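The annotation domain 'Cation-transporting P-type ATPase N-terminal' is assigned in TrEMBL to 114-188. Look at TrEMBL and you will find 171-190, 196-216, 353-375, 395-424, 811-831, 878-899, 914-931, 943-964, 984-1005 tagged as transmembrane segment.
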């Protein structure tokens, strides 16, 4: 069985090949309801058609963008005049340009029409907006009414009745429905009204109940996925409103907004460039063009959906929602469907195998029942005499065979994975983790290594400058300005802090000063504000010529400014060793520049190391006066060192415990950071990542090592400092390819995208992360907290274990239901479980069973074992032990009741047969109820641990028992049951509860787990203690 699954139903969790996807689709056989079973499976033919259509449209857009041709077939403007008429309602609202003309100017890059309106400044005037202060918040509703909302037209959600319709497409249920209708017709003809219709009506009501419960479950799942999709698309945008910068949702953006763009941002709407530095845009998502486009005053057009590859800038929003190029593209093309997960595929394989076995038993049961019926008629000499009742009996045999097929084909297995993943994703969303790809939740349960950033993930990301080295002296910063420093030095320091920054100082709603920017930039500006200087006044003193924003490769940020007295000065800040290496002079107390001697360089290096050993982030600030700036290039050497600052970023509470939990769970945690190695080592020790025998190295050492040397280093590697994105990518690739590790990696920058893409699970930071990083990731950690990553791993393991528990439970029900009816048919010529009863059992084990077992929350015990092995067997020897043991017990009990029940239970009277059949049905159901409880833990004896923490499980148990009681006591005419006495109810419950004792005994039976794999536990874990320790 496992070989068959591996050959036909093996799929990569990330970027599966089309060959593997087609292989398992062709191997699936005997699908009762394709519409429902494959609802969460990608339609490859449709996907190929959409991709083809997308490429055609991208080519048309590319032609429009790069060849400057305006006519795209989806643009409404057939004729273009120099001046468009402005509608009256637009004028009355205070605007003097039409929404359609705005969309046309930017969408077609119409430079002449833009010049006609006096450029972006003229457009801003016609939109009644200040390019400096932005909109007033009171204007938002008016602008939304005139220019539209920044939302795309989405496919309407599927209504509930569509899920009911899908559930009714089950071929076996349709066959049963036909049988029921015939049964009603024949029954009324032979037994009269209303007695003759009870059997058929019972089947129809059971089918409707199955359809309703299935549809409700599927509909709720679809709502969960829809909510998650909305959250994926909801990104934050920095805008200037009421004269201050603030964050708003992309959905709240309106025409006239001033948007601030930086590296890694997604352009949230169509617009015009106002100002900025070296702004480079990746338009490949829209046009397919791989070369980035440089945006400047001469080419000011920005299109929605594109990404900022480099630089920074401000844009004026001119079109939103469906008037943007991106909106038109999205409405034409549907969203790309999610790939199926490996577990879904594997369980489709299991369902196929069991379905084939079930079909054989269903056919054999029908043949045996029919053969016995014909033999009896032959013996009685009535083979030539046929009545309507005979036809009704044959129809009943067929209905039983079909119902066996309903029970035998476990359609719920692959769907249980979707249910479990949807539940886990919803819970993780509450725990601040947004799962972007379903398979990531599964794969995280197998993670053996987490490569994590330091800043913001292990630390709080709330930074404060606590120490400074300036003019040859180290000082503590405790809310006062450094003394013994001349005004000239302070002025240079302030210019360095306030000009060379990507952050802004704004007034909050309460009038207090706020700093908007990255935590590092915020710490530096807050330090500068201690000198009681005015941020805007300092910036207005000098004119900024050029900015080179910080990136993780150069590890520095530079700015070129024009001095008031003439001349040009460059300011640079960044990684302390890199900036110090660029300096050959340092600033003295009186502002004079002096060459750095070897002794002074050594002292500065010692100061940097002292800061780093105290777990402080170190940055150097420097400047250089540039004689010529004709090409506006910022130099890379001969700078004058101003200061070294030490920034405190405390370790997050709970991180040390979370790291220890990971280690206990067999997950190796490695820190990969761009910080100084001494800072990294200090933080790593504090977090419990760096141990006595661990290795801490810099990224440059990885680059220079041979593969053989790397193979020796990596097993002990715990910290990689001063790493570049390519170093992280190389480490992830080696861990996956050479060491067969399942790697989770965190990232926040645009340059981290390749590593996030390469890793088994890419984890992007929700706060510090760029939109490019988030798009490349599988999971977005909304609070940037390492503890949240641990929760994702815990839920990943819970999903896998829950599915195994559900498989164990469902296979037990399958085996018992099949064997009971088949053996009884062979021996007695009748089936003890009717079609209605089997439909009820099917609902218990399928939809309700999946709800109860597949949604169990994780417990701490899951993180005290090694990870789930990669590609381990889904059905293990431990599971087979439990399945076979429980099946044997139930078959014995039901067999004894079937053939000797009357005598044992002392049943007499005309209703004894009906009472016995009801008793068998009731006992069978209670065996499943208690076995469902048994399935909560496949190895430990205490199966009641945490039962009340899973309210869904308790609710399903109560609902099952309640409906079973109603069915037996009050719905006898439809369910073919009679009311049972209190004693018989007690006997049913006691026989069912013995399943708990049987389960306990089974767990003491040792099972060999011979395997060549590292993990030899039933589910890929190491073996747990046996015997009394299990309790």
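In case you wondered, yes, glycine gets a Cβ from its N, Cα and C as well.
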The domain 'Cation-transporting P-type ATPase N-terminal' (114-188) - residue tally per DSSP class, helix then strand then coil: 48 helix, 3 strand, 24 coil
Contacting positions for the transmembrane segment (395-424) when only residues 6+ beyond its ends and CB under 8 Å are counted: 30-33, 36-37, 40, 170, 172-173, 175-176, 179-180, 182-183, 186, 199, 203, 217, 221, 224-225, 341, 343-345, 347-348, 350-351, 354-355, 357-359, 361-363, 365-366, 369-370, 373, 435, 438, 441-442, 795-796, 798-799, 802-803, 806-807, 810-811, 813-814, 817-818, 821-822, 831, 834-835, 838-839, 841-842, 845-847, 849-851, 853-855
Long-range Cβ neighbours of the transmembrane segment (984-1005) (under 8 Å; 6 or more residues past either end): 881-882, 885-886, 889-890, 893, 905, 915, 919, 922-923, 925-931, 933-934, 939-941, 943, 1026-1027, 1030
Chain residues outside the transmembrane segment (196-216) and at least six past its termini with a C-beta under 8 angstroms from it: 36, 160, 163-164, 166-168, 173, 176-177, 179-184, 186-190, 396, 399, 835-836, 839-840, 842-843, 846-848, 971, 973-976
Average pLDDT across the domain 'Cation-transporting P-type ATPase N-terminal' (114-188), rounded to a whole number: 83
